Amino acid sequence: MSNRDTLFSTPVANLGDWTFDERVAEVFPDMIQRSVPGYANIISMIGMLAERFVQEDSQVYDLGCSLGAATLSVRRNIKASGCRIIAVDNSPAMVERCRRHIDAFRADTPVEVIEADIRRVPIENASLVVLNFTLQFLRPEERQQLLNTIWQGLKPGGALVLSEKFSFNDADVGELLFNMHHDFKRANGYSELEISQKRSMLENVMLTDSVETHKQRLKLAGFQHAELWFQCFNFGSLVALKAGHA
């Protein structure tokens, strides 16, 4: 059972930029369920995608794994044998807790949890790569290179799951979905103070792209097929496929 997120329920004098530190890791499951609409659905459906795409004797990468929710969903649903999951995060607090979460569940598929910069991790023999609300924390000029690396490391017939918060070219649509997201957070018990303080901390470190921009990058990386498979307000997930057969 995770602790309830009350990190920003009182005024913070010097907010600074957002970091995934010990305090955030401690309340992260509650925070993300109450902040990201559709998160639980995305996690469970990543497991369904894993059942379809993970190939025999291949590797799965969960880049920006946080506490390992996507990794556990993948591991529960893998039917192929001889696979290995590599879960990567650059937050020591997240990695420590992720290892504990993974170790709490028995399964045949081994998981290696690595504390590292996802931009420096080689992608090899991969049949599935998960980027779950991670790319948006890289500088925009670094995003294409990571997608290129992922495509190069994927086996033919492999897939990338890319979940992100989106911006919108249509300002009216963007404003509506932005407001709906805030309604969602209010309905989940967050106060105006909590919402505004968190937004202030995130605005310099989480820079969102439109779905169109994501699709353009994926095409440039080499993915011949990429489409939005899930969306709730201004959050969603794309699946990108590498051509060929396993």
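Using N, Cα and C of the backbone, Cβ positions are placed for all residues, glycine too.
From a predicted model like this one, the values you see are computed outputs, not experimental measurements.
Features of the protein shown, as given by Swiss-Prot:
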| type | residues | note |
| --- | --- | --- |
| BINDING | TYR39, GLY64, CYS65, SER66, ASP89, ASN90, ASP117, ILE118, ASN132, ARG199 | S-adenosyl-L-methionine binding site |
Whose Cβ, among the binding-site residues ASP89, ASP117, has more other Cβ atoms within 10 Å than any of the rest? ASP89
Sequence-distant neighbours of TYR39 (S-adenosyl-L-methionine binding site) in its chain (C-beta under 8 A, six or more apart): ILE32, GLN33, PHE235
Under a three-state reading of DSSP, tell me whether TYR39 (S-adenosyl-L-methionine binding site) is helix, strand or coil. helix
Structural state of ASP117 (S-adenosyl-L-methionine binding site), classified by DSSP into three states: coil
Take the Cβ of CYS65 (S-adenosyl-L-methionine binding site) and count every other Cβ within 10 Å, whichever protein chain it belongs to. 29
Taking the Cβ of ASN132 (S-adenosyl-L-methionine binding site) as the centre, count every other Cβ atom within 10 Å, in any protein chain shown. 25
DSSP state at ASP89 (S-adenosyl-L-methionine binding site), helix/strand/coil: strand
